[in-house]
Amino acid sequence: MNRIAAVVGLLAVCLNPSCDAFRTNLSHEVEDYLARYADRMQELYYEAQKAEWESNTHIVEGDTTNAARTRRANEALAAFVGSVENIERIRGFLDKRGRLTPLQVRQLEAMLYTAANAPGVVPELVSERIAAKTEQVEQLYGFEYKLNGQPITPNEIDARLRQSDDLAERLAVWRASKEVGPVLKPGLVELRRLRNETVRALGYSDFFAYQVSEYGMSSDEMLALTDRLIEQLRPLYRELHTWARYTLAERYGQPVPDMLPAHWLPNRWGQDWTALVRVEGLDLDAALADRSSQWIVEQGEEFYTSLGFEPLPGSFWELSSLYPLPPDAGYKKNTHASAWHMDLDDDVRSLMSVEPNAYWWETTLHELGHIYYYISYSRPEVPLVLREGANRAYHEGIGSLIGLASMQRGFLIGQELADPAAEVDEIRQLLQEALNYAVFIPFSAGVMTRFEHALYAEDLPPDSLNAKWWQLVRDYQGVAPPTPRGEEHADPLTKTHINDDPAQYYDYALANALLFQLHDHIAREILEQDPHDTNYWGSRETGDFLRALMEPGASRPWREVLRETTGRELDARAMVEYFQPLYDWLLEQNAGRTPTLR
Ligand code: X8Z
Ligand code: ZN
């Protein structure tokens, strides 16, 4: 058959929608479109990420060049991914989804989801939102915290809250940590409006619903899930709360309070109480004190390579920003840890301020979890637009899982970070873990999730941000401000995610539940070790399990991945079971004490 005949032949059959050639023709058209979209998107995305990277790692007061570049690059990306032309084509193809492959449909759906965050039908809103976000990041990370008139870094604030036994000092440091709130308030109120209005243009009810929809869930479904986690952990949390009230009252020589005063807790938001206890023979802060920050990151990498992952690419080491800036740097950087997939391929970087202590040890492993997730799914089989986690909680869960594994005794002994001859009080160790993982749930699934839901879905008035926040903190965490905090403060906005990672904090709550499910599976089925005392180091089989989970990225439905990797629904049962021995111990400790938490 000559060429013309072939074309005519094809055209003739293509008039019949049920035949294979018709399907194939559409499929080719979609494939071609997807390939062109991916190429252009990757180019624009990389430019935007590079500009964002500069904006987050090199913040100079009064300098507008970074902001201008970031705005331009983000606008170019938004103009493409949210263009009316792209939205119409994607919708047009999705109307014929029955004739497309599941992988094509997944890509188109991911693209439509991205478009809804920057829809070309409301270009002014998109531009305003980009500018407002860039400005907010500069305000947040360019802020100079001060204690008694002297500059103090977030790392120093955190260290003092972990270590100081002096209540007056604790109060001063806690207050200093909240000073940034009011600076951020006008920007956040504006961002709330812009975030809501942009996604409404493509039919979402509000920005919270938009973010949740990435899980294929409604807001109500997500709130039911987070409520369930809180409920499952409530008995344990109630006992931890009672234990902390009595223990801290004694430590500080104060009467036992009904609600824990926020400045008594070893974290700015009371989200992590790990530092309340030291475990004799397992004191990671002490073990790390004489190591370098670089050693921490290298050792983290070695943990992953021991599981069969490749060493990190040279560009990771050259281009990341891993350590705190010297005080005389002349510029500031984002001090909150993050991992970046710059080009959706092999340019992976992390932004951290690592110091040799237990917090940064765990955080480094968390960030490297993101990095190895990026690397695992950056392969030709995974289309660019599906280079994401099975869902966002999976992405958060992997590194946290490795973080949990890295704090267990068998592992620490193997790494010469704990003395094999030392007697370790196992209940105390379990207590320390609960002060990390269980304590986090009321904050993440409760306070943060409910606050952001109120903010975006319920139109929370700007003059009740603080009242709402402290009401939630009281109800979920059983924590109270040291003194009344009126609306001249804006305490929720001191939490970085509210500004630059909005309406997604339930990811971490789900990740915590998920990581106990994964850990339980790995400990029992792969390592055949007690989940309370594992050593993942060197287990290729564990690495294979994790890689198999990560390699498909978002190209498979997450519920399917969940069933295969844990065999059960997402809930907190594995976490509750893990802490059962501690729960029994706490009941004994708290006998005769009055609980105040509902
Ligand atoms: O933000 C983080 C990571 C970056 S993805 C360091 N985390 C949450 C937080 O710090 O509030 C990890 C646990 C919770
Ligand atoms: Zn993370």
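Even glycines carry a Cβ here, placed using N, Cα and C.
For Glu367, the entry in TrEMBL reads active site, proton acceptor 2. The active site, proton acceptor 1 annotation in TrEMBL covers Glu367. Per TrEMBL, active site, proton donor 1 is recorded for His497. The feature active site, proton donor 2 is assigned by TrEMBL to His497. According to TrEMBL, the chloride binding site annotation covers Tyr215. As annotated by TrEMBL, Zn(2+) 2 binding site applies to His366, His370, Glu396. What TrEMBL lists as Zn(2+) 1 binding site is His366, His370, Glu396.
Distribution of TrEMBL features across the structure.
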residue : record                         : contacts (Cβ under 8 Å, 6+ apart)
Tyr215  : chloride binding site          : Met222, Asn391, Arg392, Trp558
His366  : Zn(2+) 2 binding site          : Ala337, Glu396, Gly399, Ser400, Ile402, Gly403
Glu367  : active site, proton acceptor 2 : Ala337, Ser338, Ala339, Ser350, Met352, Gly399
His370  : Zn(2+) 2 binding site          : Ala339, Ser350, His395, Ile398, Gly399
His497  : active site, proton donor 1    : Met448, Gln504, Tyr505
So, in DSSP terms, is His370 (Zn(2+) 2 binding site) helix, strand, or coil?
-> helix
For Tyr215 (chloride binding site): DSSP state (helix, strand, coil) | coil
Around ligand 2, within a Cβ distance of under 6 Å, which of the recorded positions Tyr215, Glu396, His497 show up?
-> Glu396
Starting from the Cβ of Glu396 (Zn(2+) 2 binding site), draw a 10 Å sphere and report how many other Cβ atoms land inside it.
-> 25
Remaining residues near the recorded Zn(2+) 2 site, that is with C-beta within 8 Å of the centroid of the site residues His366, His370, Glu396 | Ala339, Glu367, Gly369, Tyr373, His395, Gly397, Ile398, Gly399, Ser400, Ala511
